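Taken verbatim from TrEMBL:
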DOMAIN    50-85  domain 'EF-hand'
BINDING   Asp63, Asp65, Ser67, Phe69, Glu74, Asp104, Asp106, Lys108  Ca(2+) 1 binding site
BINDING   Asp102  Ca(2+) 2 binding site
Amino acid sequence: MSSAPESPPAKMAMSSILNADDIKKALDAFAVADSFDHKKFFEIVGLKSKPHDDVKKVFTVLDADNSGFIEEEELKFVLKGFAKDGRDLTDKETKAFLRAADKDGDGKIGVDGKYKHLNPAVHV
């Protein structure tokens, strides 16, 4: 049966943007609770070397509710956005990631120019 008309379009698989082996390496590197380092994670998955359009695609995949922002609740599950078997971030990791990425202090990360932490080479 078809889904309800208000259902958002299907999300793109992260492995269609990033290398699946790199994703696995990054998830394995931060498999232990409270070990997550977003800068190292994005470096391992190869996001830092990706063009602006690919960074936006990754953001869109991670924006689970399609709001145009990644809120704290979504950030907790960010590793699951890279692979279904990714672990949840701890509250400590989630809050630290949000503090680092939320440049204007509104409690969320926006797609328009607020994702430079993913790729510092991107200037929007």
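Glycine residues also receive a Cβ, built from the backbone N, Cα and C atoms like all the rest.
All TrEMBL annotations are machine predictions without curation.
The Cβ of Ser67 (Ca(2+) 1 binding site) has 12 other Cβ atoms within 10 Å, all protein chains considered. Listed in sequence order, Asp63, Lys108, Ile109, Gly110, Val111 are the same-chain residues six or more apart from Phe69 (Ca(2+) 1 binding site) with CB atoms under 8 A from its CB. In this structure the C-alpha atoms belonging to Glu74 (Ca(2+) 1 binding site) and the residue listed as 'Ca(2+) 2 binding site' are separated by 13 Å. Across the domain 'EF-hand' (50-85), the prediction's mean pLDDT works out to 93. All protein chains shown were included, and the count of other CB atoms within 10 Å of the CB of Glu74 (Ca(2+) 1 binding site) stands at 19. The binding-site residues under consideration are Asp63, Asp102, Asp106. Their Cβ neighbour counts within 10 Å are lowest for Asp106. If you measure from the Cα atom of Asp65 (Ca(2+) 1 binding site) to that of Asp102 (Ca(2+) 2 binding site), you get 18 Å. Its Cβ taken as reference, Lys108 (Ca(2+) 1 binding site) is surrounded by 20 other Cβ atoms within 10 Å in the chains shown.
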